[in-house]
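*Asks:* Mind looking over this structure? Questions follow.
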Amino acid sequence: MIEINRVNKIFYQGAKEINALKDINLHIAQGTIFGVIGSSGAGKSTLIRCVNMLERPTNGEVVVDGVDLTKLSSSELSKARRNIGMIFQHFNLLASRTVFDNVALPLELAGKSKHDIQKKVTELLDLVGLADKHHTYPANLSGGQKQRVAIARALSTDPKVLLCDEATSALDPATTKSILELIKDLNRKLSITILIITHEMEVVKNICHEVAIIGGGELVEKGAVSDIFAHPKTALAQEFIRATLDLSIPEDFKARLKDTYVEGSYPLIRLEFTGSTVDAPVISQISREFDIDISILSSDIDYAGGVKFGLMLAEVFGNQESTQKAIEFLRNHHVKVEVLGYVV
């Protein structure tokens, strides 16, 4: 459905050349919810704007539904964009228009009849859960309701693709969850292809089938969400995943933590479990086999793409040789172990 082939985007600030996108290649299958995640300035918003030619790539191809948008004339591009809906972080609703009239605007511009507009807008508002808000103005809506109006408007031309540029960033957690559920529901009911740009791995974890990670304008890693969470290959992917299960070191431990081993100190370790290792009784195994004690400070577990993953902070009590053997045992059983320091 969406093919991004060797796309580069260069901006100029005076004589300075800024490579916002560097040789990006992505293939997004029809009906997929595809996430692109990256930190601020990574190039992800530039990428999504290239998909509907709001930003024209410096070079490369952007193929949507079999058509290379980079080769279209202005009139051809205008027509092709009807197949691509888009929602933003800021809802861009017209304050002087009611909910109904905001959703109706693209249909009016397309020259649809009043009867067709009435029918289509009524269907869309019912679809997004705003059947009772036809005559309400944006000023009287919550943030989540405003985004629902924006989604209905984006769907008014029956697009095959929906682009979401940080669509939940301005919303509180509960509202974010409801909007993500709506997007997932629309994907299921309409078989619409959805491209989501976000800086939150929580968004990717909750609704995406596949994900690409971008850093410094480059594609760092891509794959099924379950594969990325289970076997992250890059430091950036690991960083985003860890942020979804943020286990902070307690302050009293920070004050006693040393970088190197000293007599009488014990290692503080962070364990990362993915896939089958989450259910394996490896902690009790190393305690028995290597005659060590484990003090668990904190732990958390979650799901992404049908795969369980978890983090644990623990202090290990035992002699150095036994502790090192236990750590090697964990690593050999596909548990990632990081020694954060030594507690005195």
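Even glycines carry a Cβ here, placed using N, Cα and C.
On a predicted model such as this, the values are computed, not experimentally measured, just so you know.
The ATP binding site annotation in Swiss-Prot covers GLY38, SER39, SER40, GLY41, ALA42, GLY43, LYS44, SER45 and rests on sequence analysis. Residues or ranges marked as domain 'ABC transporter' in Swiss-Prot: 2-241.
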*Asks:* Taking the mean position of the Cβ atoms of GLY38, SER39, SER40, GLY41, ALA42, GLY43, LYS44, SER45 as the ATP site, which residues outside that list, in the same chain, have a Cβ no more than 8 Å away, listed in sequence order?
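*Replies:* So the extra residues in range turn out to be HIS199, ILE214, GLY215.
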*Asks:* Any same-chain residues 6+ apart from ALA42 (ATP binding site) with CB under 8 Å of its CB? Would you list them in sequence order, or say none?
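*Replies:* Correct list: ILE214, GLY215, GLY216, GLY217.
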*Asks:* Please identify which of GLY38, GLY41 has the densest Cβ environment, defined as other Cβ atoms within 10 Å, among these binding-site residues.
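*Replies:* The most densely surrounded of these binding-site residues is GLY38.
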*Asks:* Between the binding-site residues SER39, SER40, where is the Cβ count within 10 Å the lowest?
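*Replies:* Comparing Cβ neighbour counts within 10 Å for the binding-site residues SER39, SER40 gives SER40.
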*Asks:* How would DSSP class SER45 (ATP binding site) in three states?
*Replies:* helix
*Asks:* Write out the long-range same-chain contacts of LYS44 (ATP binding site), meaning residues 6 or more apart in sequence whose Cβ is under 8 Å from its Cβ.
*Replies:* VAL36, ILE37, GLY38, ILE197, THR198, HIS199, ILE214
